[in-house]
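The following features are taken from TrEMBL:
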type     : residues                                           : note
BINDING  : Asn9, Trp10, Lys11, Gly172, Ser211, Gly232, Gly233 : substrate binding site
ACT_SITE : His94                                              : active site, electrophile
ACT_SITE : Glu166                                             : active site, proton acceptor
Amino acid sequence: MRMPLIAGNWKMNGSLALVEEFGRAFADVSLPVNVEVSLMVPFPFLEAAGRALGETSVTVGAQTLSDRPSGAFTGEVSAAMLRECGARLVLVGHSERRTLFAEDDAAVLARVKAALAEQLTPVLCVGETLEEREAERTEAVVLGQIEAVFGALDEAERARLVVAYEPVWAIGTGRTASPEQAQAVHAAIRDCLARYGAGLAGGMRLLYGGSMKADNAAELLAQPDIDGGLVGGASLKVDDFLAICQSAG
Ligand code: 13P
């Protein structure tokens with residue numbers, strides 16, 4: 001069975017004080033044992049988050065990484081550095097990276113490979129814009145983003161990914177995809193992955209992201225092909241994020 005994963009993406013938000021608050025709150029609650037929880041914090045908070053959450057089962061992740069291992073790339077952060085600072089997962093291809101920082105499919109693939117080379121779990125983010133959905137291009141866009149990465153990896157590499165479907169029109173807008181809309185795309189992604197093997201498709205965790213909140217998480221997570229959530233805004237409020245984690249159990 002696929003273990004649900006709830007990942008919080010703080011984006012460029014939060015503070016060391018918030019890291020401490022999360023550490024205290026998570027130390028005091030028992031999370032469902034069958035749910036994996038991860039917090040993707042800004043780079044400077046990685047080590048502090050690892051310490052604050054050290055007594056809990058929550059892992060720490062990063063939000064992006066360089067595609068290069070080291071060198072004269074001012075401002076960049078490598079996979080090995082993330083690993084050394086305690087990250088276990090890293091988001092790759094988030095729509096904000098794709099649109100605001102011009103990361104195309106080739107750039108996304110290079111970052112997935114860099115993460116894999118350092119034993120980080122890449123959480124590959126895919127999703128269509130509202131314009132693409134209205135033009136009935138959702139599957140073409142999403143499956144294109146999937147194939148651009150999975151088609152270029154070998155069998156062992158593919159199995160180490162997590163996929164997050166985040167419709168761009170649902171991110172930070174309060175406009176969540178309906179459970180049926182999300183399930184339809186998740187099923188299409190799983191069908192697409194079946195081309196690489198039934199085992200891969202059956203084992204791959206597919207997260208939903210886009211205005212997931214405490215009050216809509218349960219019905220999204222109840223869908224057969226939704227194996228967790230990638231939570232933005234609600235992951236900055238400890239009670240909301242805890243409630244989402246609990247609803248995945
Ligand atoms: P929101 O939950 O704020 O819509 O953000 C989703 C997201 O982009 C997570 O990566």
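Numbering starts at 1 and runs along the chain as displayed.
Using N, Cα and C of the backbone, Cβ positions are placed for all residues, glycine too.
Taking the features listed in TrEMBL, we show where each one sits on the structure.
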{"residue": "Asn9", "record": "substrate binding site", "CB count, 10 Å": "26"}
{"residue": "Trp10", "record": "substrate binding site", "CB count, 10 Å": "22"}
{"residue": "Lys11", "record": "substrate binding site", "CB count, 10 Å": "19"}
{"residue": "His94", "record": "active site, electrophile", "CB count, 10 Å": "28"}
{"residue": "Glu166", "record": "active site, proton acceptor", "CB count, 10 Å": "29"}
{"residue": "Gly172", "record": "substrate binding site", "CB count, 10 Å": "12"}
{"residue": "Ser211", "record": "substrate binding site", "CB count, 10 Å": "20"}
{"residue": "Gly232", "record": "substrate binding site", "CB count, 10 Å": "22"}
{"residue": "Gly233", "record": "substrate binding site", "CB count, 10 Å": "19"}
Non-site residues, in chain order, whose CB comes within 8 A of the mean position of the CB atoms of Asn9, Trp10, Lys11, Gly172, Ser211, Gly232, Gly233 at substrate: Asn13, Ile171, Val231, Ala234, Ser235, Leu236
Most distant Cα pair in Å, residues Asn9, Trp10, Lys11, Gly172, Ser211, Gly232, Gly233 binding substrate: 14
DSSP-derived class (H/G/I helix, E/B strand, else coil) of Gly172 (substrate binding site): coil
Between Glu166 (active site, proton acceptor) and Gly232 (substrate binding site): CA-CA distance (Å): 11
DSSP state at Asn9 (substrate binding site), helix/strand/coil: strand
Glu166 (active site, proton acceptor) and Gly172 (substrate binding site), distance between Cα atoms, whole Å: 11
Neighbouring binding-site residues, C-alpha within 10 angstroms of His94 (active site, electrophile) - of Trp10, Ser211, Gly233: none
